[in-house]
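A short write-up of the structure that comes next.
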Amino acid sequence: MRFKFPLMAIGLELAMIVLFGLFVQYETDQNILQQLNITKPTDMGGFLELYPLFQDVHVMIFVGFGFLMTFLKKYGFSSVGINLLIAALGLQWGTIAQGILHSHGQKINIGIKNMINADFSTATVLISFGAVLGKTSPVQMLIMTIIEIAVFAGNEYLVGEIFMASDIGASMTIHAFGAYFGLAVAGVLYRSGLRSGHENEESVYHSDLFAMIGTLFLWMFWPSFNSAIAEAGDKQYRAIVNTYFSLAACVITAYAFSSLVEHRGKLDMVHIQNATLAGGVAVGTCADMAIRPFGSMIIGSIAGILSVFGYKFLTPLFATKLRIHDTCGVHNLHGLPGMMGGLAGIVAVAMGASDTSTMAMQAAALGSSIGTAVVGGLITGLILKLPVWSQPSDQNCFDDSLYWEVPRWREHDNHVHGLGDHNQLEPEI
Amino acid sequence: MRFKFPLMAIGLELAMIVLFGLFVQYETDQNILQQLNITKPTDMGGFLELYPLFQDVHVMIFVGFGFLMTFLKKYGFSSVGINLLIAALGLQWGTIAQGILHSHGQKINIGIKNMINADFSTATVLISFGAVLGKTSPVQMLIMTIIEIAVFAGNEYLVGEIFMASDIGASMTIHAFGAYFGLAVAGVLYRSGLRSGHENEESVYHSDLFAMIGTLFLWMFWPSFNSAIAEAGDKQYRAIVNTYFSLAACVITAYAFSSLVEHRGKLDMVHIQNATLAGGVAVGTCADMAIRPFGSMIIGSIAGILSVFGYKFLTPLFATKLRIHDTCGVHNLHGLPGMMGGLAGIVAVAMGASDTSTMAMQAAALGSSIGTAVVGGLITGLILKLPVWSQPSDQNCFDDSLYWEVPRWREHDNHVHGLGDHNQLEPEI
Amino acid sequence: MRFKFPLMAIGLELAMIVLFGLFVQYETDQNILQQLNITKPTDMGGFLELYPLFQDVHVMIFVGFGFLMTFLKKYGFSSVGINLLIAALGLQWGTIAQGILHSHGQKINIGIKNMINADFSTATVLISFGAVLGKTSPVQMLIMTIIEIAVFAGNEYLVGEIFMASDIGASMTIHAFGAYFGLAVAGVLYRSGLRSGHENEESVYHSDLFAMIGTLFLWMFWPSFNSAIAEAGDKQYRAIVNTYFSLAACVITAYAFSSLVEHRGKLDMVHIQNATLAGGVAVGTCADMAIRPFGSMIIGSIAGILSVFGYKFLTPLFATKLRIHDTCGVHNLHGLPGMMGGLAGIVAVAMGASDTSTMAMQAAALGSSIGTAVVGGLITGLILKLPVWSQPSDQNCFDDSLYWEVPRWREHDNHVHGLGDHNQLEPEI
């Protein structure tokens, strides 16, 4: 990656600056007045009211997703580092991609909801990143960020503006979309050389604790994720309450079934780190609907069970039968629960919990999200497969030292700084 | 714990769903209007105004308490993991237990204060968890969660509604209560086999750093804890300001006395992780009173000193003379400072800092909190002592591998995944 | 440090309590009315509106700065622990030092902006702490805290009240000031014995991950830092938006140039941990001005490049030619970008982005900030050089065990608790 990575990054940042110069402006009273031809000043106070929710989402994106992926023993720098890189590029590009579609050719006025949506758009890429974690280069991730967010913005526009479907917590447009996009990419990039596993694809004790930092910040702030762009008042209130109780219920079933599926009844950190979050995904679509707190707890409970079963039975099956290797198991945390969220939304609409959507709209949204994700992911996978993007060799997968200067692991190891050969590492921590 | 744990967890979650279905509803304008027979719409905006304080408390419960207990070298998974389990169950059960008492037979309307109180009620159990950390099973913790929150809700109702005492930051009803409840349980469960210590009951370098994550998030967000349910306006403002300065003063004396009590003047991480927080506990009862900033600093300073002395002199005494082994030293962080907070409340009321409480009310609240805690803890301890709850043997205490699939500690260790014998562990990190 | 440290700490805390008793009171309606002789009640609601921004800044100070410095393999306790000590003392002293200057002899009324400013004033000392990290004693840091905050408060008053300059994100008054103050101290305290490096002055794998916790919380909450005390409305809104996009752009160039300057194109954790934040510093002065989002991205992009170049080329030069050893490279994260922020402010004013400041005011503010910092730092360095403050010997630098009880690093090491000889440590983690 001697020059490809830095030159591509610089080129992309220059492009972002040009695009922002052309299309983006402040949301000021004057702008709004000009456009709407009205005299009522905008309420800038509304910016500060949603700002804490934006910051919660911000923490989920950068600390939550970043640390959740640090579970691999030798891939923590890349997990948290490339997560930061993807998100920083993605929020700029997402501002443009979503903004242009929603502003209908006008200038994009940056408000708090644009910033929340920009962070949201990066989430899709970070979910997909989980599927290919350890098997791709930073250059490939820059390319995936650009393509995926463009496709995401298109599908999100379709779902929200054309189908007029409800998906306030983005179970379909972010979680299912990100998961199936990533799985499609992972399928195209399948490495038969890793069929029987890789010695680096495992955790050590402290890497699992680092991952719990990610889990907890995702878990705690998920009510903000599902409510940040909800309609103020009852809907936003319900999105918070429903997500809070769905997640609590999900924790209990995830723990119970993690213990049940293991033959001696022990808990598995992979389940605790991930399946405890499935309740936030699954309640996303109908979070702002009047599904009642116990309804959200039923959704969360089922999601926790589903996710544990996914990790236990589907992930191995995918790897062997479908030739799709899903490093973080994003199918179990985002794919299945996201799809379940879409279906729960259809059921909730059928039961009259929403007065603005129909079952058909919801079904179209679910189909469109999965369809565009798979097609977009396959095309992206083919592009990323071109042998010019500094992909790691099979042997170098799941190893930071290929792209990072890695310090010694503990005192008596050979110091690798400057040696240039990551194979000399004796990673003993 | 092959089936006991999962079946009990599933049963409890099913019970929660049924209870929520029967008793819990959204706080909507319509509900309120029906009940109060008035026409003024509720201010849903108030929900968002307190939401950031709720999220701060949320972080304290899940990251604060969770990581604070990761200091043990081989018990990090359980500390942060069982903390999550207890809190997720506790917030559901606390919603019901507190809600039923306060709604006087009406339906429970979920507002932001219910969510804050639900998180609060879990804090009592997490404090008690600290006293028995490493010596109990997940099954035992599920049972303790259910009993302790029920007793807590009863005492909290007594203190707030019958005695009409002030305890805004819950020095008495949460901190002293949780500590003495936990100590009573620990006393009943005393293991004479661990009288001379256990090789796993110690920290390693990085486990102490993980614990500092917990310390800092508790420390920073404590002003939110003490003010979240305070009366809007002056009282809430004072609760924030007093807690802020009490904690700052407490840090200085905790550092000074940590150095003073060690014979060579070095700082002890146990004191820094815990005693620096005592100022938040001790100022809790009178946090919203007009005690002046310098008054809160005096309270914080004394609390820091008291807590360090507790760790240095009382904890060993408790273990040897009283046969109460307090793993995290919750007596020094929550018990003593909580009792001091209750006494400070009496003094503050005597000096005229409150116009809504009397010394007698405050004294009754303190007595009731400690009394119900000790009685409730003794009964709970006896129940937990029944030899059917998968308790760890003395040898297996303070060891994650009894209840968790634990990865190897570093590269060249034997991999224990799937071996099923945690004694083969060579924990070398 | 047998008695010097605890006695000095106790003396300082007593002094703070006396000063607070004399000068500090609540901001109540009554106070305000008495002083202003008006009848309009203050808006206590404004307190809660800014409280989330205060908490973000609070997290930056305690978790952000604290963990950012944990990158050293054997100095994590001191990094996060002495950071807490400095900040807890500093926020009390900063309340007094800034309050007295701004209240013009009246009592200091504690509002949310005083609390934000108190946290800000500690940031200067924490930045300077980074320059001398590992080479000073806790006693020295107590002294530096007292002197530096006094000088900071004087310069801040000069910049804001006399020069009437704009510096909303404090590029000049905090970042440049803190950096050059620290560099001046480091220059006076230069140890020629460490000219060829020290074996402890390096990271291990997991200490670099701990440092990323600090990096991310600083990065995410920087928009709050730059906007917390901005004028409500458009200016505060712009401060948030500009900082958000400046930081995003900065990440991309920091990654690109980190890879470019390394001869094999690998990423360097030191750059990722630090240079990604330079965009927040550099946009500080003009954050609330109408520089347009793409303008802030240009500033951020340049700051990222500048900071990486600083780490790569200036830090070694400083150490060898100027005899200034800058442990954390604060010159590259705070010094250069802070100076660039001051210059960007001048340019922005020249281009008409502010209607309240002039180029001359801005230039005077930049000169004053750097001038007072260097003079203050030199004097402080001379005081700290007196051989009575328990300085570590050259050999004991960058080693927690000099001032802390340090647990064993992993299982089979000798346990050092109570042995009293840190040299017996075999730090193997």
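Cβ coordinates are placed from backbone N, Cα and C, and glycine is handled just like the others.
Caution: TrEMBL annotation is automatic and unverified by curators.
Under the heading domain 'Ammonium transporter AmtB-like', TrEMBL lists C:15-401.
Residues or ranges marked as transmembrane segment in TrEMBL: C:6-26 (among others).
Taken from TrEMBL, the feature transmembrane segment applies to C:47-69 (among others). If you look at the transmembrane segment (C:47-69), the same-chain residues 6 or more away from its ends with a CB under 8 A from one of its CBs are 75, 79-80, 83-84, 87, 111-113, 115-116, 119-120, 122-123, 126-127, 129-130, 133, 210-211, 213-215, 217-218, 221-222, 224-225, 227-228, 273-274, 328.
According to TrEMBL, the transmembrane segment annotation covers C:75-94 (among others).
The transmembrane segment feature in TrEMBL is assigned to C:139-158 (among others).
According to TrEMBL, the feature transmembrane segment maps to C:170-190 (among others). Outside the transmembrane segment (C:170-190) by six or more residues, the chain places 120, 123-132, 135-136, 144, 148, 151-152, 155-156, 159-160, 281-285, 318, 322-327, 330-331, 333-335, 337-342, 344-345, 365-366, 369-370, 372-378, 380-382, 384-385 with a CB less than 8 A from a CB of the stretch.
Counting same-chain residues at least six beyond the ends of the transmembrane segment (C:210-229), those with a Cβ under 8 angstroms from any Cβ of the stretch are 50, 52-54, 56-57, 59-60, 63-71, 76, 113, 116-117, 120, 168-169, 203, 236-237, 239-244, 247, 251, 269, 272-274, 276-277, 280, 283-284, 287-288. What TrEMBL records for C:210-229 (among others) is transmembrane segment.
According to TrEMBL, the transmembrane segment annotation covers C:241-261 (among others).
Here TrEMBL flags C:294-314 (among others) as transmembrane segment. Residues 241-243, 245-254, 257-258, 261, 268, 270-271, 274-276, 278-279, 281-283, 286-287, 329, 331-333, 335-337, 340-341, 344, 348 of the same chain, all 6+ positions outside the transmembrane segment (C:294-314), place their C-beta atoms under 8 angstroms from a C-beta of that stretch.
The feature transmembrane segment is assigned by TrEMBL to C:335-353 (among others).
As annotated by TrEMBL, transmembrane segment applies to C:359-384 (among others).
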* To do: Would you kindly check C:6-26, C:75-94, C:335-353, C:359-384 and say which stretch has the most C-beta pairs under 8 angstroms to the transmembrane segment (C:139-158)?
  => C:359-384
* the transmembrane segment (C:335-353) vs the transmembrane segment (C:75-94): 3 or more CB pairs under 8 Å -> no
* Asked: Mean pLDDT over the domain 'Ammonium transporter AmtB-like' (C:15-401): what is the value?
  -> 94
